[in-house]
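A.B. asks: This is the structure I have questions about; it appears just below.
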Amino acid sequence: MWAFSELPMPLLINLIVSLLGFVATVTLIPAFRGHFIAARLCGQDLNKTSRQQIPESQGVISGAVFLIILFCFIPFPFLNCFVKEQCKAFPHHEFVALIGALLAICCMIFLGFADDVLNLRWRHKLLLPTAASLPLLMVYFTNFGNTTIVVPKPFRPILGLHLDLGILYYVYMGLLAVFCTNAINILAGINGLEAGQSLVISASIIVFNLVELEGDCRDDHVFSLYFMIPFFFTTLGLLYHNWYPSRVFVGDTFCYFAGMTFAVVGILGHFSKTMLLFFMPQVFNFLYSLPQLLHIIPCPRHRIPRLNIKTGKLEMSYSKFKTKSLSFLGTFILKVAESLQLVTVHQSETEDGEFTECNNMTLINLLLKVLGPIHERNLTLLLLLLQILGSAITFSIRYQLVRLFYDV
């Protein structure tokens, strides 16, 4: 097994600077509180009885600290090349990958902050990560360009051992970036959840990278650690202020920043399949939410749980709509989901006609349906435990079940 002392010197420097980044994030967020409120980048917590103004878009602070850390860190992986005797050839491909990754993340932070300020529509939320992922795809094209995949064992009699996907591989990577940036944004709405799930995912990736340092792809995992270590500590600083009762909101800025950072290391670190497995709860939440996201079933602006003032606990939130406004497909999906105990449906009739009411289709509301009303802090902890369980399952698949599909 590797020892701490055997870690590359740039990684140790990265760790030290990241610890300073944690302190900076914890310090800067309250220091800028007044500036955000003065700029009207603030809002009220809908699940609290207090109507205190809370600063929003604080992900821009953790994102800025993250970028400063990595901008200052850029020379350290290439220190040997500052000494001519030790530098055989400058690793231009590594430098391009580092700069391209930072460009993609920087673009996503900027576009995420624009979303927080301008309150963009959902169709724009799909275009933003697509645009920000272009530098990432160009880096992959110029540095690697490999679009061949190893076919899983069950499909080899049909497709062979290797399959060249060509341009479809770039489409897959672009869709991965779009999914990662929006998946965290969809599973959100209660104190500490966005930053908490990102913290668990980043910790899981760090563990995975450290385990793989002895493997054949050591350089790829070292590259991933350059990003994941500072991301973990800056997110930890943000979570300190975002934990229940939240003193700040992370905003769409953080969700986009986190998602693009994960997409960057997954694509350029060549472990995108493992990355998707770490997103297991987010994938389930996305699939469960799809009927509302596609507006097959009416989707309100906010799908967060609602607070029962008497009990102080969160309960399911509902979407109410006229029954006749639901399409045949929507009616079919609702009936199937109800028969599978995935949604609660109520019918009512008023002077205006017949109405249907169903719980909003998110993982948060599904847990409340199964377990009943829960205190907000406990609900966040439960969701983070599910995220940890998802990571444990991912490691089991990656190091045990993978033998059923690939030669390892």
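Backbone N, Cα and C define each Cβ position, glycine as well.
Here the structure is a predicted model, which means the values were calculated and not measured.
Sequence annotations record features per position, and here Swiss-Prot assigns topological domain 'Lumenal' to 1-10, 79-91, 144-166, 214-218, 401-408 based on experimental evidence. Sequence annotations record features per position, and here Swiss-Prot assigns transmembrane segment to 11-38, 59-78, 92-118, 122-143, 167-186, 193-213, 219-242, 251-269, 272-293, 376-400. If you look up Swiss-Prot, you'll see 39-58, 187-192, 243-250, 294-375 marked as topological domain 'Cytoplasmic'. Sequence annotations record features per position, and here Swiss-Prot assigns UDP-N-acetyl-alpha-D-glucosamine binding site to GLN44, ASP45, LEU46, GLU56, ASN191, ARG301, HIS302, ARG303 based on experimental evidence. Annotated tunicamycin A1 binding site per Swiss-Prot: LEU46, ASN119, ASN185, ASP252, ARG303, in sequence order. The annotation dolichyl phosphate binding site is assigned in Swiss-Prot to LYS125, VAL178, PHE179, CYS180, THR181, ASN182, ALA183, ILE184, ASN185, ILE186. As annotated by Swiss-Prot, N-linked glycosylation site applies to ASN146, with the evidence given as sequence analysis. According to Swiss-Prot, the Mg(2+) binding site annotation covers ASN185, ASP252, on the basis of experimental evidence.
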A.B. asks: Cβ under 8 Å to the transmembrane segment (167-186), counting only same-chain residues 6 or more beyond its ends: which ones?
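C.D. replies: Distant Cβ neighbours of the transmembrane segment (167-186) are 104, 108, 125-126, 128-130, 132-133, 136-137, 140-141, 147, 149, 194, 197-198, 252, 255-256, 258-260, 262-263, 266-267, 272, 275-276, 279, 282-283, 285-286, 289, 293, 362.
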A.B. asks: With pairs fewer than 6 apart in sequence excluded, do the transmembrane segment (376-400) and the transmembrane segment (122-143) have three or more C-beta pairs that lie under 8 Å?
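C.D. replies: They are not in contact.
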A.B. asks: Using all protein chains shown, find which of the binding-site residues ASP45, GLU56, ASP252 scores highest when you count other CB atoms within 10 A of its CB.
C.D. replies: ASP252
A.B. asks: Under a three-state reading of DSSP, tell me whether ARG301 (UDP-N-acetyl-alpha-D-glucosamine binding site) is helix, strand or coil.
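C.D. replies: Reduced to three states, the DSSP call for ARG301 (UDP-N-acetyl-alpha-D-glucosamine binding site) is coil.
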A.B. asks: Could you tell me what the rest of the chain brings near the topological domain 'Lumenal' (144-166), counting residues at least six beyond its ends with Cβ under 8 Å?
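C.D. replies: Hits for the topological domain 'Lumenal' (144-166): 172, 404-407.
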A.B. asks: Can you check which residue among the binding-site residues LEU46, ALA183 has the largest number of Cβ atoms within 10 Å of its own?
C.D. replies: ALA183
A.B. asks: As a test: from 11-38, 193-213, 219-242, 251-269, 376-400, pick the stretch that has the greatest number of Cβ pairs under 8 Å with the transmembrane segment (92-118).
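C.D. replies: Between the stretches 11-38, 193-213, 219-242, 251-269, 376-400, 251-269 has the largest tally.
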A.B. asks: Where else in the chain does the topological domain 'Cytoplasmic' (187-192) make close Cβ contacts, counting only residues six or more beyond its ends and a cut-off under 8 Å?
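C.D. replies: Apart from its flanks, the topological domain 'Cytoplasmic' (187-192) reaches 45, 47, 239, 242-246, 255, 281-282, 285, 302-305, 314, 362-364, 376-377, 379-380, 383.
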A.B. asks: Between 59-78, 193-213, 251-269, who has the most Cβ pairs under 8 Å to the transmembrane segment (376-400)?
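C.D. replies: Checked against 59-78, 193-213, 251-269; highest Cβ contact count belongs to 193-213.
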A.B. asks: Across the topological domain 'Lumenal' (144-166), what is the average pLDDT of the model, as a whole number?
C.D. replies: 84
A.B. asks: Counting Cβ atoms within 10 Å of each candidate's own Cβ, which of the binding-site residues ASN119, THR181 comes out highest?
C.D. replies: THR181
A.B. asks: With an 8 Å cut-off on Cβ pairs and a sequence gap of 6 or more, do the transmembrane segment (251-269) and the transmembrane segment (11-38) reach 3 or more such pairs?
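C.D. replies: These two stretches do not touch.
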A.B. asks: Would you mind listing the long-range same-chain contacts of the transmembrane segment (11-38), meaning Cβ under 8 Å and 6+ residues beyond its ends?
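C.D. replies: Counting only partners 6 or more residues beyond its ends, the transmembrane segment (11-38) has Cβ contacts under 8 Å with 53, 55-58, 61-62, 65-66, 68-69, 72-73, 76, 222, 225-226, 229-230, 232-234, 236-238, 240-241, 247-248.
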A.B. asks: So which one is it: of the binding-site residues LYS125, ARG301, HIS302, ARG303, which has the fewest other Cβ atoms within 10 Å?
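C.D. replies: Per-residue Cβ counts within 10 Å for the binding-site residues LYS125, ARG301, HIS302, ARG303 bottom out at ARG301.
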A.B. asks: Compile a sequence-ordered list of residues in the same chain as GLN44 (UDP-N-acetyl-alpha-D-glucosamine binding site), six or more apart from it, whose Cβ lies below 8 A from its Cβ; state 'none' when nothing qualifies.
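C.D. replies: Non-local contacts for GLN44 (UDP-N-acetyl-alpha-D-glucosamine binding site): ARG51, GLN52, GLN53, ILE54.
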